Amino acid sequence: MFVAEVLGLSLGSLALSWVGAYVVTRRAGRGAPMDVPVARSSHARPTVTGGGIGLALALCLSLLLISVFRHGHPQGEIGLFSVATVVVAAVGLWDVYRDPPGHWRLFLELGAAGMVMGAGMGIYQFQMPWGPSFALWWAAVPLTLLWMTGVTNLYNFIDGVDGLASILGIVYASGIAVAAFTTGHPDEVLVALVVAAACLGFLWFNFPPARVFMGDVGSLTLGFVFSVLAMRLSASSLRPVPLVFFLILYSSFLFDTSYTILRRAFRGEEFWLAHRTHLYERLNRIGWSHLHVTLLYLGLGLVSLLLALGYLRAGPAVRTALVGLQLLICAGQLVFVKAVEGSEYVLIHRRPKPTLKQQ
């Protein structure tokens, strides 16, 4: 029965995501929103965006079906999870067609996070890599809200070159599925496989060179789902998956985006505004193709996946060493970008900015 559920939901999500991207692609120039290149853009020609609507719809419907058919009613944790995901997807869709005020966007994201917390999900304790756990007490609520809104928006920031958000989505969802399966959490296995399938369906149109962009409707939804899956598994009363597992798994995008925000803040820049200074964008800006950037981050994601799975099965000493190794990889990520920026590669391969005629 479980295998049938996995196959049905995964194939259905893959198909719905593919169809959604296909329909949006076919409507290019006929009412579909277009992403027109500006100075901070990484693409040189107008491209239809919002292709992640099928992906978002697949995730929302799958969560609702899981809550109804596996639990008999839509009012439980998974049911509220699905409603909250609809809210985040709606915020993303709003952003695709209009530019909503930042305070309204944050208000709705916090509302979605509040729904999840109202269902009893949250980050209430933290286990250190070397063993001991401690309760977060009064800090649990603000940290949970920060985690959900933070991961949601940071994942949105990684959707800046072709294929990156969808490929990393497959990697992260696969890692979560393995962790959930080995710790006995069938609902989370289903959700993770649905996410992987939906990302795969969208990747058909988004692989470099992309025919359609995901848009906030897809990237915000993915980030929100990844944040909630981490909370559900880490707070499980059965065999919890340590939150550090997810910090390692997500590190390739968490480090890139967090470092960039802090760097811009310390420089006195308006870090909340759109820009093109994330580490992966800096590589693209100096001449790396979308494909090369995406493959590099795929490699980083796969290494983090292996380290995270190793962390799940290791003892305290090895866990501490794995965290240290992941931190070294993040530092190496930064050093590598700086080294490439300062090398002769830049002089040879730097691409000229698209002219107005090219745009």
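Quick reminder: no glycine exception, Cβ is built from N, Cα and C everywhere.
The model shown is predicted, which means the values in this text are computed figures rather than measured ones.
Looking up the ranges 1-22, 45-66 in TrEMBL, the one annotated as transmembrane segment turns out to be 45-66. Sequence-distant neighbours of the transmembrane segment (136-158) (same chain, 6+ residues past either end, Cβ-Cβ under 8 Å): 88, 92, 106, 109-110, 112-114, 116-117, 122-126, 164-165, 168, 216, 219-220, 222-224, 226-228, 230-231, 250, 253-254, 256-258, 260, 278, 280. Sequence-distant neighbours of the transmembrane segment (286-309) (same chain, 6+ residues past either end, Cβ-Cβ under 8 Å): 42, 161-164, 167-168, 171-172, 174-175, 178-179, 208-210, 245-246, 248-253, 280, 322, 325-326, 329, 333, 340-341, 345-346, 348-351. Least crowded of the binding-site residues (N156, D216), judged by neighbouring Cβ atoms within 10 Å of its own Cβ: N156.
Within the chain, the transmembrane segment (164-182) has long-range Cβ neighbours (under 8 A, six or more residues past its boundaries) at 155, 158, 188-189, 192-193, 195-196, 198-200, 202-203, 206, 214, 218-219, 222, 226, 229-230, 233, 241, 245-246, 249-250, 252-253, 280, 290, 293-294, 297-298, 301-302, 305, 308-309, 312.
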